[in-house]
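Data first, discussion second: the structure below is written as structure tokens.
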Amino acid sequence: MKNINPTQTSAWQALQKHYDEMKDVTIAELFANDSDRFAKFSATFDDLMLVDFSKNRITEETLAKLQDLAKETDLAGAIKSMFSGEKINRTEDRAVLHVALRNRSNTPIIVDGKDVMPEVNAVLEKMKTFSQAIISGQWKGYTGKAITDVVNIGIGGSDLGPFMVTEALRPYKNHLTMHFVSNVDGTHIAEVLKKVNPETTLFLVASKTFTTQETMTNAHSARDWFLKSAGDEKHVAKHFAALSTNAKAVGEFGIDTANMFEFWDWVGGRYSLWSAIGLSIILSVGFDNFVELLSGAHAMDKHFSTTPAEKNLPILLALIGIWYNNFFGAETEAILPYDQYMHRFAAYFQQGNMESNGKYVDRNGNAVDYQTGPIIWGEPGTNGQHAFYQLIHQGTKMVPCDFIAPAITHNPLSDHHQKLLSNFFAQTEALAFGKSREVVEQEYRDQGKDPAQLEHVVPFKVFEGNRPTNSILLREITPFSLGALIALYEHKIFTQGVILNIFTFDQWGVELGKQLANRILPELGDDKAISSHDSSTNGLINRYKAWRA
């Protein structure tokens, strides 16, 4: 990948000038001036997904200039580098190949002169065999009973992705009950252990190194709890499996290394649900549905790697995001799924985006003088409408939003889905076009009221509109369409990182807090007053010690 400061490109300068021309143009004006706007600014994917980006503060000229920025920063070369297995994660000297994990075409992908696909396929086959034994009841616990509950112990990418997907695909789940434990707060593991039976529970310990503090603390607590009932340590092997590469530590824990499922350094944690980390997904929805998930992502991978930038959905969404973040000063983006099963989707891409692109150092090692990753947040609709939409509609912050909904629901109860979708359509219309003072006054007249007598309240009922949104309408949320949707966002994040000249696939920002926690932990082992930190940290630690005594 080339290291190009985007602000030094001619495209950036052209975009800055274009912004000066566009900043006062409204979405309403753009629609009024172009009856074909929806057709020009929307696209479908595989007849499964419609992406409507027409309700944005953009024109064809805007997109052309953003495409020029992508060309000047060599996005096409970066895409080729990633898919060909080059070590684009330079700070860790690693390839970035989550795309290999879902490479259903099985074309060779070479890393260090070796095709990785045979190993990928071997682990997939091993996961298939193991999961079928668990799901069928062939696998027995230490008292001869079949497994009924699965507890996934992991954190970050080893938790957020599998949890999000198993929730999103609940309509496809089998009889096994899934639980996820991530927080080192003992409350998390304690509450899950109250719900399960040691005789019929399988624990998945998800840690590449088998040394992650939070995960291993929870894993040892689960093991201790299990042995209080099982007694003999040899029974651990029937109730624990590992998603790891550290065979020695896995064996010492008591897990049979035959039940250790490997993944590789070229799999980043927040892109790992496609790997052995996805074993909990397979145990929840079955291997065939997991393959469909992979296939949907692979279809989006092919779209991203082969479609011209002008029609490339991840690239278009990425460019629009850069437009708002860097030229309009929008600091956040909201992801708003109108589907209750997707309630963890925003949280998943909060990590996916903010851990990937939340960086102030560029690929040359210099501090940037422009905006990089946005703040990502969101909740399912319609809950959000009764919480934070007020600020999106009438606040002083610009919050570009992605609205996501399925046309077909898995639960066609009465008219619930029509009411849900009526809100989905209404919100983007309201955000784009608002409500003028004239309309508010006319509404009063239609009610037989005199607007002049209600002047004190009229300004509060006016909506400026001009709030940008993307709408992503899925035919239905299936394993295939969910896989494609996740990959769409993954590639959007990668595209923005390339253009903004940052390393998307490392996460050094999580390290300092860990280091300091390891230093502080032994200081909490006694009641001595602490004076080795700043006055604030000393004061907090000493008050903690006083109160726990």
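Placed from the backbone N, Cα and C atoms, the Cβ positions cover glycine too.
Copied over from Swiss-Prot:
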| type | residues | note |
| --- | --- | --- |
| ACT_SITE | Glu355 | active site, proton donor |
| ACT_SITE | His386 | active site |
| ACT_SITE | Lys514 | active site |
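Between the CA atoms of His386 (active site) and the residue listed as 'active site, proton donor' there is a gap of 29 Å, rounded to the nearest whole number. Cα separation, the residue listed as 'active site, proton donor' to Lys514 (active site), rounded: 15 Å. The Cβ neighbour count for Lys514 (active site), using a 10 Å radius and every protein chain shown, is 11.
Cβ neighbours within 10 Å of His386 (active site), excluding its own Cβ and spanning all shown chains: 9.
Within 10 Å of the C-beta atom of Glu355 (active site, proton donor) sit 22 other C-beta atoms, taking all shown protein chains into account. In the three-state DSSP scheme, Glu355 (active site, proton donor) falls into the helix class.
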